[in-house]
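So the structure is just underneath, and the comments pick up after that.
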Amino acid sequence: MFENLTERLSRTLKNVSGRGRLTDDNIKDTLREVRMALLEADVALPVVREFVKRVKERAVGTEVSKSLTPGQEFIKIVQAELEAVMGEENEGLDLSCQPPAVILMAGLQGAGKTTSVGKLGKLLKERDSKKVLVVSADVYRPAAIKQLETLAGDVGIDFFPSNVEQKPVEIAKAALEHGKLKFYDVVIVDTAGRLHVDEEMMDEIKDVHKTLNPVETLFVVDAMTGQDAANTAKAFNDALPLTGVILTKVDGDARGGAALSVRHITGKPIKFLGVGEKTDALEPFHPNRVASRILGMGDVLSLIEDLERNVDKQEAEKLAKKFKDKKGFDLEDFRSQLQQMKNMGGMMGMLDKLPGMSQLPSDVKDKVDDKVFVQMEAIINSMTKGERAHPELIKGSRKKRIAAGSGTQVQDVNRLLKQFTQMQKMMKKMQKGGMKNMMRQMKGMMPGGGMFPGR
Ligand code: GDP
Ligand code: MG
């Protein structure tokens, strides 16, 4: 999700010029780009207009803090507004009521309702230890009832039988009765959808809603339908008191427009994302994380690409082979890593690409000095072959000798060894995951994680 938006935004947001203060003038072009990017991401037009208006109002006249460039200041504003439009905090389900708590699913045919019932049932059972009953009121397609039965069996939750002869309201009533009688914590009710919003369907689900009085009425919508998702959301929201949204098929949607539109149009939070066909592919939706992902991902990806381009292929293969041979990562490997980092434009070049890092105050940045690499390399150069292969040998007198040989202090040697140990741990974790995993690890290590002296 959001790949395209991210790409466009990260390209344009850097171009905000000027200094001191954001003005109409220096954000005009960028604002136009933001608008285009959102439209291309298939965000609904009213949402785009409102978003751009709010960013503009907030930006114009804003003082640029000393440590930031105007572009960075602008990004901060865009990020805050992205969060605002999606709802800031994750809102989970509110199941606090006299049990059973009833969850009603609504949405068009093919949106992913039945699949989401299974996923949600599994989540509530496994994460919250709830006793869950599911039932299908989709009486138009026998296969739909069977589909839910199978799904319930797969995830190990109870299924309340129904058949196509029954009326949806009857089914709902019977399932609720059964839920009370057998002390279920949660009853999830799946419903029929249509291909388009029609009155008959809305009347039916309104009746079911009245019968059940659910604590959660979740609107399930396919992210890939983009602008249409916003329109259907509006129709359902007008007909039913929705309490939240499940946005499905996010895994197949590179644009992400629906995520930005749905909340704004319905005023209801997106509570979960469906991210695949499997029953565990359901994630709580965190607007703040998603917002920083929209703005930061491009940079991380480009960093990974840089790494992959620059890391000497042979070195990488040697390293990979070493892991296969189960010998592990030694100081010799650490040295060749340092050399590769130097080839990539040094630590500053890398840092600037990590999300949030560009916002580090400049006095912190100044301490991240590429000379550090040179020094680290010098220290390793002063070790014997045996010491490089067996760092655990390096104790008191050896440390003194190495420090003297490299023109450093014993504490520098200690620091290097500590960094080496961290790197070694990271490498172990990387054995399976490859470069992307390593980047994730490094990101975690960076701010104050001991990689940099003086912090
Ligand atoms: P319903 O008509 O609303 O009940 O929709 P279904 O639950 O039957 O889902 C329709 C299709 O969408 C099925 O093939 C599902 O496997 C698929 N589907 C549902 N949710 C997701 C999702 O989050 N990601 C992907 N890739 N497919 C999904
Ligand atoms: Mg269904």
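A Cβ is built for glycine as well, from the same backbone N, Cα and C atoms used for every other residue.
Just so it is clear, the model here is predicted, and its values are computed rather than measured.
Residues or ranges marked as GTP binding site by TrEMBL: 107-114, 190-194, 248-251. The number of other CB atoms found within 10 A of the CB of Arg194 (GTP binding site), across every protein chain shown, is 15.
For the coiled coil (297-324), the mean pLDDT of the prediction comes to 51. According to TrEMBL, the coiled coil annotation covers 297-324.
Within its own chain, the domain 'SRP54-type proteins GTP-binding' (269-282) has Cβ neighbours under 8 Å at 1, 86-87, 90-93, 112, 115-116, 118-120, 122-123, 151, 154-155, 218, 223, 244-251, 259, 262-263, counting only residues six or more beyond its boundaries. TrEMBL lists 269-282 with the feature domain 'SRP54-type proteins GTP-binding'.
Listed in sequence order, the binding-site residues among Gly107, Gly110, Thr191, Arg194, Val250 whose CB lies under 6 angstroms from an atom of ligand 2 come out as none at all. Considering other CB atoms within 10 Å as the measure, the emptiest surroundings among the binding-site residues Gly107, Gly110, Lys113, Thr191, Val250 are those of Gly110.
Candidate binding-site residues: Lys113, Thr191, Arg194. Those with a Cβ under 6 Å from ligand 1, in sequence order, are Lys113. Mapped onto DSSP helix, strand and coil, the domain 'SRP54-type proteins GTP-binding' (269-282) counts 0 helix, 6 strand, 8 coil.
When secondary structure is read from DSSP and collapsed to three states, Arg194 (GTP binding site) falls in the coil class.
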